[in-house]
Each structure stands twice: as C-alpha cells, then as structure tokens.
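Contents: one structure, followed by commentary.
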Amino acid sequence: MTGAGRLVRLILRRDRIIMPVWAVLLGLVPAGYVASFEGLFPTDAERIDYARLSATNTGFVTLYGPLHGSSLGELVAWRAGFLPVLAGLCALLTVIRHTRADEEAGRTELIGAAAVGRHAQLAAAVLTTCAAGLLMGVVLTAAMVGQGLPAAGSLAFGAEMTLSVFVFAGVGAVAAQLTSGARGARSIALTVLAAAFVLRVGGDTSAVGDGSLRWMSWLSPIGWVQHLFPYGVNDWWPALLALAFTVVTVAVAGRLQSRRDLGVGQLPARLGPASAPAGLSSPFGLAWRLHRGMLVAWTIGFALLGLIFGGVGASVLDIAAGNQGLSDVFTRLGGSDALVDSYFAGIASIVGLIAACYGVQTTLRMRDEEQTGHTEAVLTTSVSRYTWAGTNLFFALLGPAVVLAVEGLATSLTYPDGDLGEILGGVLVQLPAVWVLAGVAVLAFGLVPRLSAVAWAPPAMCLLVLLVGQTLQLDQWFLDISPFTHVPKLPGGDLSALPLVSLTVVAAALTAVGVTGLRRRNVPE
Amino acid sequence: MTEAITATGLVKRFGKVTALDGLDLHVATGEVHGFLGPNGAGKTTTIRILLGLSRHNGGAVQLLGGNPWTEATELHKRLAYVPGDVTLWPALTGGEVIDLLGRLRGGLDPRRKAELLERFQLDPRKKGRTYSKGNRQKVGLIAALSSDVELLILDEPTSGLDPLMEEVFREVILEEKRRGDRTVLLSSHILSEVEALCDRLTIIRDGRTIETGTLTDMRHLTRTTIQAELAGPPDGLATLAGVHDFQLDHDRVRFDVDTDALEPALQKLVKVGVRSLVSQPPSLEELFLRQYQKDER
C-alpha cells in the first residue's frame, strides 16, 4: 500500500473536474424531483392516486423499481430509481480508468517502478471512488433534509446512492484484473451492471404480477440498495449485503492482482494464426474483425432485454384484469389493447435509446483507432478515408438495426399474443432517431475530434428527457430536444412517414458533414 | 534524374505553432535518402504531409509525380510506410497484420514475407498486445518490405530494435538499394545507420532545411582533425586562415582545418618536418553537431 496516499492525490488531480461533477450532480438530481412532485401533486389525495397508478405501471417499475408508499419522500426516492445504475456506471468507469487503463497505457509500469506498493494503485482507485460515493450520499442527504424531508429517510436515500458506488467500484476492481485491456474490462463490468439491472427489472415487474420471479431482485446489487426503501420502512439490512459484496469484490480483486504479472490478465495469451484468413484482406474485413465482438455482445444483451420485456408484457394484461379501478381507467383510454400498446411503445423508446448508445460507441471507436495510430496504418495503404469511415459506419449505423430487430423478435417469443409486425415495427421506427445520435458522433469526430466525447451528451440528454420528461409534465420544447420524442409511438399510434424521413435526412446530413470534415483534417488530429 | 519526392518551401502550422517553416526536400528516384534532425525538428510532420495524412499550409509538394493530399489513395499503392512507433491491433496476430497491410496496399509476396520473418526472427502467431516495442517495429518493417513498391518511407524504423536486428535491417536495405529501382526515405537520428546506407541526406532543424547533399559534399564543408609530431616549431601555422582550435604541446600539434585550407596547412607542416601524422576525416556526428552549433549562433 506504500504510496497509495500520493496516488490518491494523483487521481484527484486528474479527475478534479469530472469526479465532483458526477458525484455532486447525481446527488442533486433528486432535489429537482421534490419540487416537481410538490408542484404536480399538491394534495395528499392526488399523490396517493398517482402512487397507486405508478406502482402497478410496469413501464415505471421497469425503469425505477418498486413503489410501496405514497409519501413525498417515497415518491422521490422511487423516481430516482435509475440513479443507482448511473452512479454504478460512474464508479466502475472511474476505477477501471485508474487501474487497467493506466496499466494498458504503460503508466502503471512507470509508477510501479517507484516506491509504490503492488496494491497501491488499486487501493487508491477504489478509495477515491468510494470517497466520491460518500460525497454523493452526503450531498443527497443534505439536499433532502434541506427540502424538509425526514432525516432518517434522507440518510437511507443517501446511503442507497453511496452503496451503489461502493458495489460497482468493487465490480470495476475485479473486472480490471481479468483482461489485459481496459476495453475488455469495461465490457465485463458493464455486463455485470446490465445483468444487475435486468435481474432487478425481472424481479420487480414479476412482483407487480404474480410474484413468482420476485426473488430475482435479490440477486441484484441494485435490487439490494433499492430495498432500503428510504422514507418508507428505512430497512437497513440490505445495506449490509451491499457492504459485504463491496468488501468481498475488493478483496478478490486484490488477490487476483497478487497472482498476476503487470500488464496481463487472468487468461494466458494464446498464439493465433501466422497469416491472415482470406476474409481479412479488405477494409471491410478489418472493420468486421474490430466490431464483431461488440455486435455479438450487444445482440445477446438485446435478446435478453426482449425476452424480459415480452414476459412483462404478458403480465401487464393480468394486472389490468385484476384491478377494477385500473381496468376502468384503461377502458376509458381505449381498452386493454391500448394498455399493452402503450407499454410496448414506451419500452420501444427505452430500447431505442440503448441502441443509440451502441451506435455512438461504435462511431467513437473510430476515434480510438485514430488515437492508437491504427488509422494511420490503414490510411497509408490504398484505403481512402471515405472507405475507412464507410466500413466503420456500416457497423455503427446497421449494428443498431440488427440489435433492435433481435430485441423485437425476442419480445414476440415471450409475448406470443402480440402481433410480431407491430412489435417489430415499434422498435425499428426508433432507427432514424438512433441514426441522428450516431450522426452527431460522426460530426464531432469529423469536425472536433479532440472533443469527440461530447457525442455522449445527446444520449445523456435524451435519457434526462426520458427520466424527468413525461411524468413531470415539462414543456414540450424540452421534450422535443430528444429525437425519440418525434418517433411515432408504435404500436398504437399512427405511423406517419414525415418524422421518420426528416430524422433520417438530419442523420444523413450530420454524417455527411462529419465525414467531409474527416476528409479535410489531419489524421491523427 | 527524376525525383520521387519534391518539396519546396513547405509550411505547416498547428495553431500558433509553426512546425515546418519553408522546408525543402528533394529525393531522387532510386536513392536512399537520409532525413536527419533532432527531436521535434519536423521529420514526422513532413512525412505525414508526404503521406497525405496532414495538409500543408504553404509551399509545394509532389510525391511520385502526384499530389499527396488529393491522390493519396492511388499513390499509396506504390509506397509503403513504417512509422517510428508501430501500433498493432491488440487482438490481431503479427502475421495477420502483415498480411492485412500488404493486401490493403495491393498484395504482398508470401515468400518474401517468410524470408523476412526468418531473418528478423519474429513469431507471427503472437497477438498484437503481447509484442514488445522492438517486435512491433519488426511487424511494421516486414509488412512494408514484403510489398513490391517503388518508395519506402521509413520514420526512425529501427527504434527499439536490438543491434543484431539493426544489422539485419541494414543488410535488407542495402539489398534493396542494389536493386536500384527502389527509393527509400529514411528518417533517423542514428548517424551510423545513415552513414552506412544513404546516398544523400537532408538535415533539418526547427522546420527548415539547413543542409542537403551527399555525405562527401558535406564533408567538404567541414574540418579535418590533424595531429602531428614535428621536427621544429610550427611558425605561422596557428594564424593560417582556416586553422582552428590550434594546440601545441612541445613538439606535438593538434588542430582542425577547413577542407579548402588543408593544402597550405600541410605544406607548412612539411616545411617544418613531420615525424608522425594522424588525420581524421570528419564523422557524421561532428558534421551534425557543427551544423546545429552553426545554426544556434
């Protein structure tokens, strides 16, 4: 551990802007919910009504988790149910950035040769990330108490977020030991995060229906922290589960690190072919080699999502049937068909946004390739910049189409009552919106390559619109920022071509300008 | 003689920083041309412009008779490039990268590849991420040398290679040179390498060409070091035009003399009477240092 203190300071210096931003921002978001709920539902009766509807709305339960009460605090804590996922995301990315990414870049070697203990870097990364998690919890608790909510519940609420950071700092620490590349480590940790989310969704939505699968929530660290139920029961024992998980994962990471050499993962490097197969002889062949892993991983992920959403869709009907009050509401809205339709339409925009993240990630892979010098190697052969960009964009633009189609097909497997065409159409109409976000990434990459990471801002913005938009009845212009707002709501809504064509034209224009920018600039820039 | 590379008055600015400030580079077809300069002089920037990766802000440049920016793709079929720091795709093996780059360039000779793998002692089955710096460099070199191209652009290609492999590199380049139809632009700061391989060289500093010509040409501009044991006092030698750093210790003298003052200086020595004489031609090292010092003044 020698030198860990200095390394903590190094991390704080390197992350002096980004770390306070995510820690404080995620801590402050729920304060906005308090004001919104107070404005929207001034009376207890209105709040109780809203809570009763929301607790059984599978779309809401999918996104935010279970709701067991109707007090203001409980509603706010429930509404913030997606924030633990984001906190976990920040935590695992931070830990990997300061462990495996440094190791891969060779910086760890430099540090390791100094008077620094073997575990110092891992310890410093985990400690700093956990400290950021504590900061997030403190900010959140203080903000809630400041808004006049009960102190005990606010403390539990803060703990929910802090523990999410702890747990996924541990996940990141283990993932960083497994592979020799930061990209692989990130994929593993993100898969664990996604699995935790999916398990929670499965358990919670099942609890809304017959409850046969509700145990799934207890397999998920996100499920644990949500079972603190701040402002309701304020149950603290799931916190012990999360703490124990953190301690065990960090200990495992330490053990794994002791057993390996610097720069390598747990799996021994194997020998490969001495010459390239016939397929690897064109820019497209290279792009396929670079993108196929991600395509397969995302396809599996989307297939799982589809299976779960389809299964939940089946229970949506049961819920409506079992609740007279709800049935009345839905009959007024157009019958149970309308209920199921709106469920699938709602799911489709969530799925679309996730597919957009895949599109943006794949587009930005070009920047990675540029920065590592690989692009230079390709462009000094007889491959033009257009061809190089085109073969990569083929996967960035059509990859999302593949995963969306797979999601739709998987949904119809577990929801056989639905019309395959309608379900598939509902997710595939998201594509133009996905392309717009990927187009922004191409634009950034072509025109302002050093700032390529800003391409993540639009998906984040769309997520914000999705999270706070409709339920808080914000102004239409705010909702309009997201291209997903303009996509026809299918099934159920009208399939109008105009928004789809317009979005596609915008995406094409963004992509064309971006690629032209790439042709005109220095590589690498 | 036709020129494979012609750059005149090349200017490249990065924001407020001027990387190239009127650089001239002329490489004749079929020659091995050394491209020398200290770190940060602009060697890599120049090469990037020649490869169409960067666009120059001023001056004119022609590569194999074409415009390196607008005709990049066509021209690249006729050249191969090895950067100073070869990076490989982590999941591809060395052999796969060699084949891929060769095929993207328009084909490579499998026998030549096998021969070079043998000579450079590279295991092509390892994954990119597991190669050391020197071995990555070998992958780049083998990929470039296995292609039948007119022009090789090598940017400090031997960085990270051990001395044995540097020797192999020299042999291979000398063989290429004997073929006579291949042009090589070799950027380097290993002077013995340049001395052994290059017909002509260009020395740059701060984005400007400060010297260009054959090694012999450049030696004319430099000084020979003379050490002699004399029979009598060397009167007048110290003040002779073209004699520098004159040192006298009893009957031994040591001085540097400009090439064009060599004859009068030697006549003076003969007049006094010479018991022993050692003369050292200027090495490239000295040439290099002198150019830089001259430029600093």
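Glycine is no exception: its Cβ is also placed from the backbone N, Cα and C atoms.
What you are looking at is a predicted structure, and each value in this text was computed from that prediction instead of being measured.
Per TrEMBL, the feature transmembrane segment maps to A:21-41 (among others).
Feature annotation from TrEMBL assigns transmembrane segment to A:76-96 (among others).
The annotation transmembrane segment is assigned in TrEMBL to A:122-145 (among others).
Sequence annotations record features per position, and here TrEMBL assigns transmembrane segment to A:151-176 (among others).
Counting residues 6+ beyond its ends, the transmembrane segment (A:188-209) has Cβ neighbours under 8 Å at 55-56, 58, 61-62, 65-66, 85, 88-89, 92, 96, 168, 171-172, 175-176, 178-179, 215-223, 226, 297, 301, 304-305, 308, 311-312, 315, 318-319 in the same chain. What TrEMBL records for A:188-209 (among others) is transmembrane segment.
Look at TrEMBL and you will find A:236-256 (among others) tagged as transmembrane segment.
Annotated transmembrane segment per TrEMBL: A:295-322 (among others), in sequence order.
Per TrEMBL, the feature transmembrane segment maps to A:342-360 (among others).
According to TrEMBL, the feature transmembrane segment maps to A:393-415 (among others).
Annotated transmembrane segment per TrEMBL: A:427-448 (among others), in sequence order.
Taken from TrEMBL, the feature transmembrane segment covers A:460-479 (among others).
The feature transmembrane segment is assigned by TrEMBL to A:499-518 (among others). Tertiary proximity for the transmembrane segment (A:499-518) is limited to same-chain residues at least six positions away from its ends with a CB under 8 Å from its CB atoms, namely 385-386, 389-390, 393, 397, 429, 432-433, 435-436, 438-447, 483, 486-488.
Most Cβ pairs within less than 8 Å of the transmembrane segment (A:342-360), among stretches A:21-41, A:76-96, A:236-256, A:393-415, belong to A:393-415. Within the same chain, the transmembrane segment (A:122-145) stays apart from the transmembrane segment (A:427-448): fewer than three Cβ pairs sit under 8 Å, each pair at least 6 residues apart. Here the transmembrane segment (A:393-415) sits against the transmembrane segment (A:427-448); at least 3 CB pairs are under 8 Å, leaving out pairs fewer than 6 apart in sequence. Long-range contacts of the transmembrane segment (A:236-256) within the same chain: residues 119, 122, 126, 156, 159, 163-164, 166-167, 169-171, 173-174, 176-178, 221, 224-225, 227-228, 266, each at least 6 residues beyond the stretch ends and with a Cβ under 8 Å from a Cβ of the stretch.
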